[in-house]
Amino acid sequence: KKGKEGEGGGKAAGINCEPVTGARDFYPEDMRVRNWLFGSFREVARGFSFQEYDAPVLESEELYKRKAGEEIVDQMYNFEDKGGFKVTLRPEMTPTLARMILGKTNERGETKMLLPVKWFSIPQCWRFEATQRGRKREHYQWNMDIVGVAGITAEAECLAAITTFFSNLGITAEDVGIKVNSRKVMGGIMKAKGISDEQFAAVCVIVDKLDKIGADAVIEEMVSKCSVPAPVARSIINTMSARSIKELEDQCAGLSLGPDAQASVDELKSLFDMAKSYGYADYLIFDASVVRGLAYYTGVVFECFDRSGELRAICGGGRYDRLLSLYGAQTEIPCVGFGFGDCVIMELLELKGLVPPLNRQADFLVAPFNQSMVGNAMSVAAALRASGASVDFQGEPKKKIGQTFDYANRIGADFIALVAPGEWEQGLVRIKNLRSENKDANQKDIPMADLPKWRELTWE
């Protein structure tokens with residue numbers, strides 16, 4: 001437990017006070033950090049002219065069973081509700097986005113939305129999996145998606161948003177990198193090596209585990225689960241060792257990749273050129289082993305990593321042009337997006353010392369001198385709040401003024417409004433400036449009517 005303003009843990013009255021395994025409580029000091037992080041996400045998204053959306057955390061189980069991939073289906077928090085419907089806590093947001101886009105179609109299955117759509121969200125997602133460093137069973141995920149742009153500029157925009165976020169928070173290209181590859185290129189290579197279209201998605205899910213379980217285990221799974229001959233499986237792993245587009249082209253010199261795969265190689269080259277124009281090329285690295293585990297990716301894929309190697313993947317995404325048509329759209333609608341979880345990035349920010357001090361803050365503490373002044377103090381608090389001030393009210397007057405000052409400092413108040421009989425009889429309220437360095441000029445008695453103008457007060 002991190003909570004300081006309500007220290008938790010253990011049991012109280014026989015109740016386990018810990019959250020369920022893999023979930024988190026957010027005490028006020030934790031919420032300040034979360035709101036700061038989410039505010040940073042929103043600042044970038046709005047800077048790129050994306051609109052925010054949201055959806056229920058409870059979704060139809062079928063939505064994910066269709067096309068998200070076997071691993072996610074196995075990790076769902078799914079159950080049958082009291083109406084007999086099979087539902088799940090959402091494990092990720094992209095199928096929900098597809099559902100919402102398809103919800104705005106006409107009777108011919110054509111979207112009524114004006115494309116391109118640029119949306120973002122910060123949903124909470126749930127997956128029942130082993131908890132470890134950087135991985136919970138719930139997390140919040142910043143999603144940005146572009147629907148309706150077929151060109152590589154959409155990928156360039158998504159990567160620009162990610163690197164802008166890093167730059168804004170002080171994370172440099174020396175701290176993190178973004179591995180980039182293309183599923184379409186890898187599909188062409190695997191097809192040339194004898195992998196069928198039916199095998200491809202399953203092979204990608206297995207290859208996505210390369211960093212976690214190693215080459216030998218990946219080869220064994222390809223053989224046992226996908227019936228890929230061992231020499232072919234090893235050849236695929238060797239191809240995925242390429243760390244530049246030129247190296248990949250050299251490895252594939254004798255293969256017939258087909259026009260789509262070759263065009264995708266040129267597309268990757270264009271993406272790296274655009275990264276130079278945008279100014280974030282130092283973050284990008286070509287890595288043929290990156291395929292992403294989700295079944296719906298169709299083109300460019302990318303994954304952000306911590307260069308020190310201490311942390312899990314920070315974020316990932318790519319192109320998924322066929323997802324909407326698989327859910328029922330009459331034509332393919334091109335889509336690109338990424339998901340950026342809150343757990344790993346917070347670990348990185350804390351390791352780098354990049355989380356700013358986020359102490360409790362208030363503009364005013366309104367303190368009645370005694371019990372007879374409580375009602376008058378309430379009028380003062382109401383007037384200040386009406387002016388837009390953040391006001392804490394001391395409902396129980398303290399016998400010693402020092403206790404009031406201690407509490408004001410604890411809540412981070414800038415001012416104390418003391419409501420005492422002597423000043424009140426003259427229609428005045430005493431304002432103490434707790435941030436003034438001049439201790440001889442840190443208080444003023446001001447008319448009640450002037451309270452809304454408290455920001456205009458001068459302190460010399």
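Cβ from N, Cα, C; glycine included.
Model confidence over the domain 'Aminoacyl-transfer RNA synthetases class-II family profile' (22-356) stands at 91, taken as the mean pLDDT rounded to a whole number. Under the heading domain 'Aminoacyl-transfer RNA synthetases class-II family profile', TrEMBL lists 22-356.
Around the Cβ of Glu92 (L-histidine binding site), 19 further Cβ atoms fall within 10 Å across all displayed protein chains. Taken from TrEMBL, the feature L-histidine binding site covers Glu92, Met93, Thr94, Arg127, Gln141, Asp145, Arg292, Tyr296, Tyr297.
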Binding-site residues listed as Thr94, Gln141, least Cβ neighbours within 10 Å: Gln141
Residue among binding-site residues Arg292, Tyr297 with least C-beta crowding, 10 angstrom cut-off: Arg292
For L-histidine: widest Cα to Cα gap among Glu92, Met93, Thr94, Arg127, Gln141, Asp145, Arg292, Tyr296, Tyr297 in Å: 21
